[in-house]
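Worksheet: one structure, shown below.
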Amino acid sequence: MFRTATLLAFTMAAMVFGQQVGTNTARSHPALTSQKCTKSGGCSNLNTKIVLDANWRWLHSTSGYTNCYTGNQWDATLCPDGKTCAANCALDGADYTGTYGITASGSSLKLQFVTGSNVGSRVYLMADDTHYQMFQLLNQEFTFDVDMSNLPCGLNGALYLSAMDADGGMAKYPTNKAGAKYGTGYCDSQCPRDIKFINGEANVEGWNATSANAGTGNYGTCCTEMDIWEANNDAAAYTPHPCTTNAQTRCSGSDCTRDTGLCDADGCDFNSFRMGDQTFLGKGLTVDTSKPFTVVTQFITNDGTSAGTLTEIRRLYVQNGKVIQNSSVKIPGIDPVNSITDNFCSQQKTAFGDTNYFAQHGGLKQVGEALRTGMVLALSIWDDYAANMLWLDSNYPTNKDPSTPGVARGTCATTSGVPAQIEAQSPNAYVVFSNIKFGDLNTTYTGTVSSSSVSSSHSSTSTSSSHSSSSTPPTQPTGVTVPQWGQCGGIGYTGSTTCASPYTCHVLNPYYSQCY
């Protein structure tokens with residue numbers, strides 16, 4: 001949330017974006033290995049790569065090296081209107097490490113906060129040189145390791161899914177000649193208006209400077225977003241954001257408005273601190289952010305298949321070889337659950353006095369449709385010119401009593417996160433994402449589940465029986481056959497171990513066996 005107009009890049013005297021292809025700097029896509037995992041075949045490597053978002057690239061005239069955009073203004077001659085600008089201006093390649101502080105090695109990606117005059121970055125995972133890797137995650141899970149020990153208050157090391165086009169919009173918009181190869185086609189639930197090119201045209205009409213290096217135009221670019229991870233070493237949240245239109249859509253006027261427009265910009269977040277457990281995640285806490293750990297997110301459907309409807313999003317962690325169940329809610333008026341469901345979101349909005357825009361935009365079902373079609377993985381590091389990241393790690397809004405439910409989100413001071421200060425004081429901050437895996441439930445992680453971490457706090461509104469190894473689903477009485485997708489075994493399980501015909505009991509891990 002609040003991602004609009006916060007990602008800044010200062011390179012070659014311009015923050016740049018374009019739709020033609022330049023030749024001054026060679027185009028490259030650093031390799032970043034990921035893995036696809038199945039119950040039958042285990043995990044196998046994918047030859048995935050990364051590409052820098054086009055908003056960071058140098059934009060110059062196709063006939064030379066005149067900047068099409070300098071400081072916070074478009075060149076009036078090259079860019080008198082959106083279509084002319086798209087024809088006149090070209091994107092170039094990128095020096096990932098030297099200019100942008102982006103280093104990929106094996107399955108590990110390091111994003112440096114400040115490198116020279118560049119601040120922040122955003123990259124996408126690619127399946128090949130011309131297409132983004134598309135993630136279809138219904139009845140699947142997504143796992144990664146993160147080291148955010150050097151990510152202080154006010155910064156956000158984000159890993160999230162966006163309903164972008166696989167080719168970056170080339171097929172839809174013929175004036176876009178660069179495509180995914182150059183990181184085009186961005187959209188999210190904030191309907192950002194600071195994106196330089198949308199739908200193959202420059203966003204020059206109505207352009208107004210908002211800072212020394214950025215501005216906003218008449219248009220925004222909207223799509224459903226799934227924030228798997230927004231965090232620093234003081235706070236973390238995962239948040240689904242539905243839009244009434246899942247595919248990338250250009251907005252104008254009231255359609256771009258937060259929450260009442262095409263998208264639910266605030267979303268339905270699960271931040272452990274905000275949900276009442278202030279000892280769960282942080283430096284030296286249950287999930288110790290001073291050390292690396294694994295984050296697992298499971299997308300549960302109503303029928304336990306990829307054809308079903310998204311009804312629940314679960315979270316668990318693995319650190320020091322131990323599986324850690326997500327924290328449970330400790331807020332009056334909200335059931336003590338530890339996952340996101342439509343019921344949780346409804347109760348949360350009521351308890352916090354917020355309008356339920358999440359439900360108005362279609363809730364989990366709508367997010368699930370984007371996950372069914374396929375979403376693009378974005379990884380970024382950024383600071384927040386709109387709200388100083390207080391919505392993530394401090395008290396927000398700052399004019400409300402911190403004791404009011406939903407206001408306190410972390411321990412960072414309300415004076416923290418000012419971009420000018422954090423860029424000067426913490427230029428060497430960074431985040432490392434590694435070991436990206438996705439696939440069948442309970443196949444992308446390993447770890448020991450202690451009895452104290454086993455919880456039955458998943459929402460009862462989910463009708464799925466594909467449960468995480470760290471949860472305790474209802475057991476079947478002994479002597480009763482277990483239906484397809486039901487639990488049939490595991491440490492601590494006391495129910496029936498006989499599956500209904502023609503299904504058999506399969507061991508998924510020591511703590512959970514399932515009929516299928």
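Note that Cβ sites are derived from N, Cα and C of the backbone, with glycine treated the same way.
Since this is a predicted model, take the numbers as computed values, not measurements.
The DSSP secondary structure for Glu225 (active site, nucleophile) is strand. Neighbour list (Glu225 (active site, nucleophile), Cβ cut-off 8 Å, at least 6 residues apart, same chain): Tyr160, Leu161, Ser162, Ala163, Asp188, Ser189, Gln190, Pro240, His241, Cys243, Cys263, Gly267. Taken from Swiss-Prot, the feature active site, nucleophile covers Glu225, and the record attributes it to similarity to another entry.
In the three-state DSSP reading, Glu230 (active site, proton donor) counts as strand. Summarising the annotation, Swiss-Prot assigns active site, proton donor to Glu230.
The number of other CB atoms found within 10 A of the CB of Cys488 (disulfide bond), across every protein chain shown, is 26. Mapped onto three states, the DSSP output places Cys488 (disulfide bond) in strand. Summarising the annotation, Swiss-Prot assigns disulfide bond to Cys488-Cys505 (among others).
DSSP classifies Cys515 (disulfide bond) as strand under the three-state reduction. Annotated disulfide bond per Swiss-Prot: Cys499-Cys515 (among others), in sequence order.
Per Swiss-Prot, domain 'CBM1' is recorded for 480-516, and the stated evidence type is sequence analysis.
Per Swiss-Prot, N-linked glycosylation site is recorded for Asn208 (among others), and the stated evidence type is sequence analysis. If you take the C-beta of Asn208 (N-linked glycosylation site) and look for same-chain residues 6 or more apart in sequence within under 8 angstroms, you find Gly215, Thr216, Gly217.
Annotated N-linked glycosylation site per Swiss-Prot: Asn326 (among others), in sequence order. In this view, Asn326 (N-linked glycosylation site) is surrounded by 29 other Cβ atoms within 10 Å of its Cβ, with every protein chain counted.
There are 22 other Cβ atoms within 10 Å of the Cβ belonging to Asn442 (N-linked glycosylation site). What Swiss-Prot records for Asn442 (among others) is N-linked glycosylation site, and it gives sequence analysis as the kind of evidence.
The region 'Linker' annotation in Swiss-Prot covers 450-480.
For 451-481, the entry in Swiss-Prot reads region 'Disordered'.
Per Swiss-Prot, the feature signal peptide maps to 1-18; the stated evidence is sequence analysis.
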* To do: Please classify the secondary structure at Cys505 (disulfide bond) using three-state DSSP.
  => strand
* Rounded Cα separation (Å) that holds between Cys499 (disulfide bond) and Asn326 (N-linked glycosylation site) -> 30
* **Distance [Cα-Cα, Å, rounded] between Cys488 (disulfide bond) and Cys515 (disulfide bond)** => 6
* Provide the number of Cβ atoms within 10 Å of the Cβ of Cys515 (disulfide bond), excluding the reference atom itself. => 23
* Asked: What is the total of other Cβ atoms whose distance to the Cβ of Cys499 (disulfide bond) is within 10 Å?
  -> 21
